[in-house]
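For reference, the structure discussed in these notes is given below.
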């Protein structure tokens, strides 16, 4: 593969790529656990549960297992508790990672179309991007409940390509996890990964991606706008 890659549009993951949301997600999870009379969990543990949407995060927090399935009645009680808690903690300790704003500015200046593609529900995605003053950078936002399927399924990426009227090979996804790598490969798109995100506790260097980039800004140096 030769760099810089010719690209028309860039899609960027949210949690663990644009924003370090783990502190606020963890606070909400522990508020939920406390209300349910359960022991609170360390930040590092909850951080490893992030990546497949809020329902999965709640299930993992309740069971202590990445693939755990709690009692259906418990889950039914827990979900609204978590959602109410996260509404309160949404943008308390969440911050953009170094190089994010510089990268977004460089991409905009370079003429790239931009999409945020996340597994987070729209009810939290849009307020969070707005609070972080990032929403206006994006032409489109595809949330975890925007479509019938979410990452690692390629549907959100293919949907964004259709909206941009481009082919998947003209698109780059920047993410932090196996979800992102698998979705991009299934869509036929390029993918860069950042090493500072969550990836459900796994080593990002084991992922099938085209490059590991230390920041979104550094990613901009490996692509060029194609006509």
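Note: Cβ is positioned from N, Cα and C throughout, glycine not excepted.
Mg(2+) binding, as stated in Swiss-Prot, involves 13, 15; the candidate among 176, 203, 208, 210 given for that site is 176. The local packing around residue 176 (Mg(2+) binding site), expressed as other Cβ atoms within 10 Å of its Cβ over all shown chains, amounts to 26.
The separation of residue 13 (active site, nucleophile) from residue 176 (Mg(2+) binding site), Cα to Cα, is 7 Å. Sequence-distant contacts (6 or more apart, same chain, Cβ under 8 Å) of residue 13 (active site, nucleophile) comprise 116, 117, 118, 151, 173, 174, 175, 176, 177, 179, 180, 197. Residue environment of residue 15 (Mg(2+) binding site) contains 27 other Cβ atoms, counted within 10 Å of its Cβ in all protein chains.
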